[in-house]
Amino acid sequence: MNAPKPVVLCILDGWGLSDDKTANAPYLAKTPTFDAIMTKGPHARLITHGPDVGLPSGQMGNSEVGHTNIGAGRVVAMDLGQIDLAIEDGSFFDNAALRDFIARTRAAGGTAHLMGLVSDGGVHGHLNHIIAAAQAITNAGVPVVMHAITDGRDVAPKSAYGFMAELEDRLPKGARIVTVTGRYFALDRDNRWERVQEAYDAMVRGEGRRVSTAHSAIDYAYNQSESDEFITASVLTGYDGMRDGDSLFCLNFRADRAREILRAIGEPGFADFDTGARPALSALLGMVEYSDAHNAYMTTVFPKRDIVNTLGAWVARHGLRQFRLAETEKYPHVTFFLNGGKEEAEPGEDRFMPKSPKVATYDMQPEMSAPEVTDKFVEAIGAGYDLIVTNYANPDMVGHTGDLKAAIKACEAVDQGLSRVIAALEQAGGAMIVTADHGNCEMMIDPETGGPHTAHTLNPVPVALVGGPAGVTLRDGRLSDLAPTVLALMGLPKPPEMTGESLIT
């Protein structure tokens, strides 16, 4: 039997499965196409958290982890666990890059600036890592100031008081908090430079909303109806910015949301907004590598590990053509992360990236750019590609707003797109795996607080096969089983590095 063409992997980002229907956007939405996929064809469930995706037990998955595991076809040990272990066994404190950072700062007579997400969400960073870094640096006699980025997205929307109190309690002598900024500003990833500039001005220039303490920054924000994610850049009394000879250590271990603020601080010739005269920093260090471009002006504590023979690399090695599609919010996931942290496209790999809508939050436009994604998706199905990988961002990005009605609309927008995609797929004679990278919008109300739930979940995600071989079924599995399944549909062997197994039975 001939292999179907194209073979499609469609990722509904943040679309989880839950038996609790109370605030379950996919369940409450009118999704006739998805419902038909899950009732008429082969379907199963995938685990997206904890050791099954290379994370510590109980740690929720996320889009970076999910797409990395999907593309690798094997369980990839993620940075969170590696960093935790290095702190636990003491090797973090002896790391050569960290020691060099300390030596350069001390030689310049500077202050070490730490920047990181202050929560235990474990998606972009972790409070424990901030404390370890502060201890290592202050133990060497170098003063430390902390640029605290509040979360409210991977943890409860108004949990900053507790995390800030823990940070203040655990910071060693010689370290203090000097700015408090919501991640909406400091961790943008969609070229909203006006947001990034607010964070930059506070951290680098010491300009922003003036407050006396970190807690008063949160107080003021809550009085202005700003939840943690949206806290206006606030500068504590006595801080007036970075100086020549100072240094910066970014503690975030996920690349996509750290890139823009680091570019503004360190990239030679940066011109996306007026930074003013930037200080001559003695050192710029990252917990991980953020991109090849960042490597030109930063060092790293944990260099990138090569993931060889990813799905994309293996398909390219067999001389086949592939297409990657997502709007800008999720574009790095179907390219950089799916390709194992590699920026460049594989030979024969084409890409398209519709711009995400320019709105303050995506509950204001829950359809996002799904119509344009679908237009290009349908076009690609008829264009002769062997493999197509598409990500619909809506369930995750709107799920993060905590707005149930908007999340329902987001799911419905995706379902409308799926209807058109399946029609095109049937006409072309292709096959498609529909799945998700983690849960989110199936839990829009926090069961503990009764308030909005904005974080990812530990729930399983769907996996379904459309247009596959007759009579097959799918088994339950994990994300690393998806690439071997795709290769099986394409009639290709899997590379020896892929330890995942095809879901088709």
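Glycine is treated like the rest: Cβ placed from N, Cα and C.
DSSP classifies H438 (Mn(2+) 2 binding site) as coil under the three-state reduction. Residues or ranges marked as Mn(2+) 2 binding site in Swiss-Prot: D13, S63, D437, H438.
The feature active site, phosphoserine intermediate is assigned by Swiss-Prot to S63, with sequence analysis given as support. Other C-beta atoms found within 10 angstroms of the C-beta of S63 (Mn(2+) 2 binding site) number 28, with every protein chain shown included. Mapped onto three states, the DSSP output places S63 (Mn(2+) 2 binding site) in helix.
Per Swiss-Prot, substrate binding site is recorded for H124, R153, D154, R183, R189, R254, A255, D256, R257, K330. In the shown protein chains, 23 other C-beta atoms lie within 10 A of the C-beta of A255 (substrate binding site).
A 10 Å cutoff on Cβ-Cβ distances gives H456 (Mn(2+) 1 binding site) a total of 30 other Cβ atoms nearby, all chains included. According to Swiss-Prot, the feature Mn(2+) 1 binding site maps to D396, H400, H456.
Annotation for the binding-site residues D13, D154, D396, D437: lowest Cβ count within 10 Å of the residue's own Cβ, D154. With a 10 A radius on its CB, R257 (substrate binding site) counts 22 other CB atoms from all the protein chains. Comparing Cβ neighbour counts within 10 Å across the binding-site residues R189, H400, H438, the minimum falls on R189.
The closest partner of H438 (Mn(2+) 2 binding site) among the binding-site residues, by CA position, is D396; the full candidate set was D154, A255, D396, H400.
In the shown protein chains, 25 other C-beta atoms lie within 10 A of the C-beta of H124 (substrate binding site). Checking the binding-site residues (D13, S63, A255, R257) against D396 (Mn(2+) 1 binding site) with a 10 Å Cα-Cα cut-off leaves D13, S63. Annotated Mn(2+) 2 site D13, S63, D437, H438; additional same-chain residues within 8 Å of its Cβ mean position, judged by their own Cβ, are I11, G14, T48, G61, N62, G66, H67, H333, D396, A436, N440, H456.
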